[in-house]
């Protein structure tokens with residue numbers, strides 16, 4: 001009889017296992033699922049309508065200890081969401097759907113996870129075709145959804161809101177919360193470790209800044225990754241990727257943010273951020289030193305000088321070397337100095353704790369702070385960075401100069417074993433009776449030593465100032481955030497005593513150089529800088545040195561020594577746009593010109609709306625647009641830039657820049673704003689169309705009558721002409737192909753030419769308020785924003801330039817750049833006074849100033 005009962009139990013158990021079927025799209029209250037019940041389907045109990053996604057009680061990695069309620073992409077078997085990530089259950093743990101929501105319990109009935117309470121009863125659980133697990137009420141209104149409660153992954157159709165954070169898992173088979181996170185700020189997406197930033201999306205070369213709107217959410221779709229603002233109508237930052245029907249964006253357990261596309265079971269990593277593994281905070285454990293190996297994906301870990309590997313099993317942490325502490329056990333605190341070139345990831349993303357302090361003061365600040373575990377001191381600017389609460393891995397920057405010197409604070413003991421304080425056994429009374437008086441004596445002795453060292457340092461500084469009385473000492477002023485500082489001798493060696501000149505500008509000459517690590521650089525030697533200009537120089541490069549954008553030339557460092565002022569930039573091997581566009585070499589194709597225009601526009605848009613402080617370039621011209629290998633355009637020469645806060649829209653300043661590209665407001669006592677750069681960009685855009693300077697000898701067509709208010713173009717085979725005026729006339733007549741570079745005739749359509757000509761004319765409107773923003777310019781060039789129409793009434797000043805230019809015939813080419821000499825301002829004023837159709841005072845002043853500034857060169 002007992003044997004028969006056993007057989008029946010086995011039969012009914014087997015029947016119950018087989019009878020646990022899977023459902024499609026919906027399940028309803030009083031439903032229970034477990035991995036054991038759905039063992040034949042690997043724990044799957046609910047599929048989306050087309051079977052793209054499934055919900056399952058799942059054990060990732062096929063381990064048999066941790067089971068989670070997961071949403072899984074079926075074809076690739078990829079987990080995109082998990083419920084009880086910090087409270088896994090065993091194989092017999094159950095998921096129950098009731099009128100109150102979802103609950104996950106262990107076999108004995110203990111609750112491990114549940115949805116929050118709702119005001120109305122749950123009527124159904126739905127798995128959508130996008131992978132969203134949704135609880136619905138009886139009116140089909142959403143009570144709760146997994147898309148609003150992401151774990152470490154988002155998919156197409158899902159939004160990561162600004163108030164939500166993606167948190168990594170511990171590993172691929174342990175889904176509990178790990179060490180890394182992805183969070184959104186008002187202007188960017190950042191990667192975090194222990195609340196410390198270690199990377200920003202805007203730093204990536206594939207990321208394009210499109211606007212300055214506040215970021216509201218992040219999303220991936222078939223074409224890439226996007227940060228959206230203005231209720232989803234404005235793209236703030238975007239990363240273009242190849243088309244894909246299924247794509248995930250995940251903060252990986254490794255600390256990298258990875259965007260992957262899937263083709264069946266095949267997975268392809270399309271975007272990995274950061275690509276350099278040494279930028280990951282804990283890649284080599286606590287105080288481990290990360291050095292790039294054969295590639296940035298294969299780092300080598302070691303302990304820095306003065307440290308050893310921890311004796312704990314499987315530990316990658318580093319501890320102070322015991323022998324270094326012998327004979328010093330009477331002092332409880334010590335600082336172990338790190339080698340030069342060793343840095344810490346957080347230093348690039350945090351402001352210094354204190355400014356204008358020397359190394360001794362920086363160490364004292366850390367000694368007095370129990371949460372301080374180490375310091376980095378920047379001698380050039382006197383900046384002190386404190387490492388607080390947690391310590392990650394260190395970075396070896398042997399190929400890049402590092403101006404910060406680091407120290408790790410340690411607790412020294414008679415028998416050092418680890419970081420920490422003395423144990424109770426070591427702190428007996430006899431020891432205290434001896435140590436306390438001795439400690440007091442040593443404390444007073446240490447104070448005397450510190451005072452002596454400070455006096456010695458002050459004497460050294462005085463002697464150094466005396467020996468270089470004509471030089472500017474690096475310590476005369478303290479400005480936080482300065483980029484890498486070079487000695488003058490280093491740059492003299494790098495440029496072979498300034499041997500190869502590659503360019504000149506209003507503020508100095510540019511030379512080609514090569515750093516010790518073979519990195520080519522461009523070294524700009526600044527001249528004519530006054531006393532006040534010294535601090536302005538350093539204040540400005542402190543801002544510029546922290547700007548990173550794919551379309552801005554990177555400032556690698558500077559030198560301010562012995563009355564020598566030099567800036568070190570990345571080297572652009574194709575030189576400036578004017579050489580390629582106007583020079584005798586191979587002609588730039590139309591598509592290349594458009595890409596250059598888009599790149600330059602993106603760079604200016606970032607300066608205007610992507611930085612914490614708005615930057616007006618003030619000198620946009622082809623000479624300041626540099627080209628890399630593949631004609632990638634980068635804006636250079638920030639020496640004339642003006643900085644504004646977010647609240648400022650304009651400023652008043654003295655005239656600066658280059659004649660021929662400056663907006664009329666420079667000499668009309670008007671405030672200068674970012675629209676000044678827009679005007680200059682419009683002039684550059686017209687030169688990209690024509691392939692020549694905006695004034696010169698041009699072969700013209702036969703005369704044709706213009707529209708109302710328009711003069712005709714004079715008939716001749718060749719003549720002097722101011723091209724923006726010519727472009728206005730051809731625009732009014734719809735003859736856009738006549739404006740195109742003759743070397744491209746037959747390879748450009750009228751529609752393509754019209755797009756750039758119309759946009760260029762819109763940018764040079766006399767009224768700044770009528771000019772588009774650079775963000776809008778980028779959108780129009782990329783076809784995402786409707787093309788604007790030039791306002792003829794705000795372009796009539798171009799007619800004045802053109803007529804005056806043709807009538808006076810005083811054009812004279814210079815030897816170097818074909819610049820022209822024109823009538824002086826008095827003649828221009830007389831001409832305006834005689835023109836009865838220009839009787840408004842505002843227009844009169846505008847014509848005079850414009851003739852002086854942006855008239856033909």
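Positions of Cβ are set from backbone N, Cα and C atoms, glycine also.
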Of 427-452, 453-478, 479-504, the range TrEMBL labels transmembrane segment: 427-452
Within the predicted model, mean pLDDT of the domain 'Protein kinase' (496-792): 79
Secondary structure composition of the domain 'Bulb-type lectin' (31-148) [DSSP: H/G/I, E/B, coil]: 9 helix, 53 strand, 56 coil
Between residue 301 (disulfide bond) and residue 524 (ATP binding site): CA-CA distance (Å): 38
Fewest Cβ neighbours within 10 Å, where candidates are the disulfide-bonded residues 284, 301: 301
